[in-house]
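Working notes for the structure below.
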Amino acid sequence: MAKKQTIFVCQNCGAKAPKELGRCPACGEWGTYVEEVIEKSTGGKLLKVTAPPQTPIRIQDVISTEEIRIDTCSNELNRVLGGGLVPGSLVLIGGEPGIGKSTLVLQVVLQIQGIKTLYISGEESVKQIKLRAERLKQTDNNCYVVSETSLERIFEHIQSTQPNLVIIDSIQTIASEAVESSAGSLSQVRECAAQLLKFAKESNIPFFIIGHINKEGSIAGPKILEHIVDTVLQFEGDQNHMYRILRSIKNRFGSTSELGIFEMRQNGLREVSNPSELLLSQNHQGLSGIAIASAVEGIRPFLIEVQALVSSAAYGTPQRSSTGFDLRRLNMLLAVLEKRAGFKLMQKDVFLNIAGGLRVNDPAIDLAVLASVLSSSLDIPIDHDICMTGEIGLSGEIRPVNRIEQRIAEAQKLGFKRIIIPRYSSETPLKSSKIEITQVQKVEEAFRILFKK
Ligand code: TYD
Ligand code: MG
């Protein structure tokens, strides 16, 4: 028998080498080379697309039809997808093991109305899936399950079942016969994803594909998978917190700034449609180091609690630690505080935490971050009915933020009496009798209001 030919493939970028390399010359990653058997000659053939030749036409002449989207019966998921699931699309759901990916998709297929779904699991037996479904206490209509790892047989199952939606749990456990390397290797993942994409586009069946995340936080077989699929959703959260966040990283059919919030319960995931109420701890009156920010993720405003602890550093180099907020940005803000407001934090440890285990990218929470640090440092609590929003520039100026009306409206809805916002060149963006709107231009002004100096 002829000796099998093997090649070493970088699991990060797909570069090939005849021998194992410590560092990939193409992407610079260390220790990513894995030996793989060279693909059988039949491998490439399956991927050839024989599309009829097309002639270019003017864009005005292209007939656009109203896009039909499938309602997933989950408001949070629909929004993250950009208004529902597009037929024929490939949606990758990535996340760490145990975060709840299987639970999320199983719940979706059990909830979804009026369409036939096929749940293919390469990780669990049908009995295990049934147990989980019982735990979710949802009795379904039209959901078929099968435990399968061969891509070819998966296609057979799809052909015989004729579903309108297919779930693959997970891409790392399925393998195509066209490639000889083991399931989960880069060439298998790439081959399977490419074949699934071709199948989805031809049959117009949408797919949810689950993908595991490696320890660096990217989806295993990373960039390659992200380029192939239409939508990449990341399911994240802290194992110790019950909140789970579904974030859109790439979306050919919608915005990527959307966010879905869920809560992991004993009987499955519950949608959190009003995040503000959950993210604010109820009783913080009289406690220092807490500031409430009116933030926006995607198009949704919500109020979050920023907590800070400032204490004397025990050792020479003070500690700076931050959960849910960019540490470099925190350092920058602390430097602004020192320079502009004259607070000496050089000998202090600073710990910052966004309540609820949420990671926030909105720069408008800057003001609340500094206010909470200052509140802890001075040990003066901020009035519990004040909230704030504003991005801070390097010279201590408070810069205007987007969607200011929505931020004010959300604060008003939750019963805040006063909101501090950046000064706008035009007149007050929203006049309201219920909430007092204070415009500030510099951090010093905001601090004077908050700490009444
Ligand atoms: P799972 O969906 O299996 O995670 P993944 O597919 O991302 O690896 O979720 C597993 C975790 O969720 C497990 O630790 C138990 C928890 N869980 C609940 O708390 N409640 C539930 O109803 C279910 C089904 C799971
Ligand atoms: Mg799973």
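Every residue, even glycine, has its Cβ placed from backbone N, Cα and C.
Taken verbatim from TrEMBL:
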- 66-213: domain 'RecA family profile 1' (DOMAIN)
- Gly95, Glu96, Pro97, Gly98, Ile99, Gly100, Lys101, Ser102: ATP binding site (BINDING)
- 250-254: motif 'RadA KNRFG motif' (MOTIF)
- 349-453: region 'Lon-protease-like' (REGION)
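This view paints the features noted in TrEMBL onto the structure.
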residue	record	contacts (Cβ under 8 Å, 6+ apart)
Gly95	ATP binding site	Lys101, His212, Ile213, Gln234, Phe235, Glu236
Glu96	ATP binding site	His212, Ile213, Glu236
Pro97	ATP binding site	His212
Gly100	ATP binding site	Phe235, Gly237, Arg244, Phe262, Met264, Leu269
Ser102	ATP binding site	Ser121, Glu123, Glu124, Arg132, Asp169, Ile210
For the motif 'RadA KNRFG motif' (250-254), distant same-chain residues with Cβ under 8 A (at least six beyond the ends) = 67, 80-83, 86, 89, 226, 229-232
Given the ATP site Gly95, Glu96, Pro97, Gly98, Ile99, Gly100, Lys101, Ser102, its other Cβ neighbours within 8 Å of the Cβ centroid, in chain order, are Phe235
Binding-site residues close to ligand 2 - of Gly95, Gly98, Ile99, Ser102, only those whose C-beta is under 6 Å away = Ser102
Could you tell me the mean pLDDT over the motif 'RadA KNRFG motif' (250-254), as a whole number?
-> 89
